[in-house]
Amino acid sequence: MVERKRETFSGKLGFILSCLGSAIGLGNIWMFPWRLGKYGGAAFLIPYFICVFTLGVTGLIGEFAFGRSRQGGSLKGIKEVFKEKNLRFGKFFAVMPTLAVSGILIFYTIVVGWVLRYFCASLKGNLNSVDIPKYFNNFAGTSQSIGWHFLAMVIGVVIVILGVAKGIERINKIIMPSLFIIFVILMIRSLTLSGAMEGVKYLLVPDWSYLFKPMTWIMALGQAFFTVSLNGAGMVVYGSYLKKDVDIISSSINVAIFDTISALLASLIIIPAAFAFGLDPAAGPSLLFITMPFIFKSMPLGYIFSILFFISIVFAAISSAINMLEASSEAFISQFKMRRVKSVVIIGVIAFIIGIPLDVDMAKFGAWADFITIYLAPIGAIIASIAFFWIYGADRALKDINEGSKKPLGKWFKPVAKYLYTFSIVIVLILGIIYNGIG
Ligand code: TRP
């Protein structure tokens, strides 16, 4: 097969928006608001900002630069780096991040399916007339969700088949700005509900005592890694489509900033509304699929706001799923020299089929999601970090990172990346195992 020229993002904006598409997802919407309220309100922001802007940004810089310098996803990159130094087990380590991202893809598309169904139900106005907890429980965890799961996968496959610039970048350039606009509209609606201010207080009045509780820091750390999609594959593959003249450092900072803004907006939508209606601000699936529909049911013009809400969640979730699908497919493309269409379809079909048993059994779904996010994702991130900063070497890594940047990083970055960052992911892994999930 002839080697084709590697695709690229058209420029910095398209790249940042695509990475934001990956970063902004369920972590921002169903984890962050709840954690912000639970771990000390505004006090939680301090450890969170520290983690996301030091470790999160370091991780993004590393993954982007790794992809760009090897002109390939992490499977290719890690293999090459091990080979160059004659290290053994390169292939074994190299597949781990890709396996992790494929594992996330498998359960994430199921949730995308749920969100699609809720979006359609909100369009039809169905959410107004049903018993919401029943509606969710009679659907999620049953064979009824399979069709929606399939639809979610087909949408992802179609976008990724179109390619990096024509598919991924183009769709993110539309849906990411739309998502922010919708979030602002929803936030204004939520904040003007009577009783909403109680929720704002819950979110924002700091309880400084939480800064002295280790759990606050642990949750902030896990959140920071998950929310910017660090697992050694997703962001590496987007970095591999980056031109040499794009500033990786400022791009990474932008991704972290806008990802954080979206999480804050989501919090200011969800928690005040929950308080206004006297509901418990829960975490996880019940927040999106039970609490929020309940709020829309009782809210004036709830019909319109429910449509806006669910379309924005569709945007957030789909754009993350396409990153996972791209990362998995690119590994196939580079490993087997396969055409894009073929490899995306193969990955889509396999991931869908493996997901079916999880569709019909919520316990299995939970166990799978936990296993992947607690073990495989941090392990993937550790391997990529060691491959790039240790084996490939911090000196060369720094040079690649600084290429195209207006304000290059100094030598101080080397120990930060090599020791502090790598060591932090090891901690994420260990704490995740101890506490059964922190990401
Ligand atoms: N960042 C995404 C979210 O907040 C989820 C995510 C984690 C992810 N790891 C990933 C997305 C790897 C793409 C690739 O929901």
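Using N, Cα and C of the backbone, Cβ positions are placed for all residues, glycine too.
Pulled from TrEMBL, these are the features on record:
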type: TRANSMEM; residues: 12-32; note: transmembrane segment
type: TRANSMEM; residues: 44-66; note: transmembrane segment
type: TRANSMEM; residues: 92-116; note: transmembrane segment
type: TRANSMEM; residues: 146-165; note: transmembrane segment
type: TRANSMEM; residues: 177-197; note: transmembrane segment
type: TRANSMEM; residues: 217-241; note: transmembrane segment
type: TRANSMEM; residues: 253-279; note: transmembrane segment
type: TRANSMEM; residues: 299-322; note: transmembrane segment
type: TRANSMEM; residues: 343-360; note: transmembrane segment
type: TRANSMEM; residues: 372-392; note: transmembrane segment
type: TRANSMEM; residues: 419-438; note: transmembrane segment
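In summary, the transmembrane segment (177-197) lies against the transmembrane segment (253-279): three or more C-beta pairs, each 6 or more positions apart in sequence, are under 8 Å.
The stretch with the most CB contacts under 8 Å to the transmembrane segment (299-322), chosen from 12-32, 44-66, 146-165, 343-360, 419-438, is 12-32.
Within the same chain, the transmembrane segment (146-165) packs against the transmembrane segment (343-360): three or more Cβ pairs sit under 8 Å, each pair at least 6 residues apart. Remote same-chain partners of the transmembrane segment (343-360), defined as residues 6 or more beyond its termini with a Cβ less than 8 Å from a stretch Cβ, comprise 102, 105-107, 109-110, 113, 141-143, 145-146, 149-150, 153-154, 156-157, 160-161, 325, 328-329, 332-333, 336, 368. Contact between the transmembrane segment (372-392) and the transmembrane segment (12-32) does not hold: fewer than three of their C-beta pairs are under 8 Å, each pair 6 or more apart in sequence. If you look at the transmembrane segment (419-438), the same-chain residues 6 or more away from its ends with a CB under 8 A from one of its CBs are 54-55, 58-59, 62, 218-219, 221-223, 225, 230, 370, 373-375, 378-379, 381-382, 385-386, 389-390.
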